[in-house]
């Protein structure tokens, strides 16, 4: 990578298993994880703009990654690269060839990210969980992407028509007539989306529960899909027709899968209300690890795990349990302020990258230096 965030230049080699990224706060550990994600997706997992990604004082930034894919004995290597030139120019390449995007490339590794602020998935509102559920759905079943887009397009069109009808002061009977085509389109798309969402949750729930047990979370952890409308197209069509008056008054569609939720419960009680910060953190880890298991079962490929500041608020026993789980979870990067916070960090099969603030340099494997956070 070159001129990204705090990094002037750095080169890191990662092993196939666990790599510990250690360094003081502000040294650039999270930036290193973000660079790995950026190289393979073309996006920042923090939603950063191009200007935020490029190192202060530099005109442009660049990151590249060599990615192995395929089964043992038939491995292939692909080179992914992302060039960034603010304000809004990103140049994406695979094996030197320009591409429009990286997300759909068959050689791209899937990635699962833990950030402390992602605890909102467990304790926040339903909007974040819906978005997360749909990302999981498309990862498990790529053909669901057009299905999801079709639903949101029908919803957008119906909402636009509701606004127009309200502005024109159209009476209720005429409004129902004009809305009818979009009601049918929305009901059909909604039924397909809810069915796909339910199947995705059913695929991950057992794996999430098992990972929670392995991590030492007391009680049975459950992930449950909570649709807020009928999953039957005819019933939803009837409900939309019956709610036209209310939708006209509000100016938008109130009924449908855009109001669904993904419940994370322990012993039937929502962890958002009945869980400590540490228990919520374990639940989020179990959710991400269980989803990674489901993706592996569906595609044969294990996602790369990027775990930022994951050891905070975990006691020694649960830290040890997490390391045991990660030992069989494929490639994982975990950030800590001290390598000693990771039990077994000195084992031969665990990689160590030390990030030190200060004069920047290009180094391999053991140490990465960055500009001091200013």
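Positions of Cβ are set from backbone N, Cα and C atoms, glycine also.
Annotation source TrEMBL lists domain 'Rad50/SbcC-type AAA' at 3-51. Feature annotation from TrEMBL assigns ATP binding site to 23, 24, 25, 26, 27, 28, 29, 30.
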Provide the number of Cβ atoms within 10 Å of the Cβ of residue 23 (ATP binding site), excluding the reference atom itself.
23
When pLDDT is averaged across the domain 'Rad50/SbcC-type AAA' (3-51), the result is 92
Suppose we draw a 10 Å sphere around the Cβ of residue 28 (ATP binding site). How many other Cβ atoms does it contain, all chains included?
28
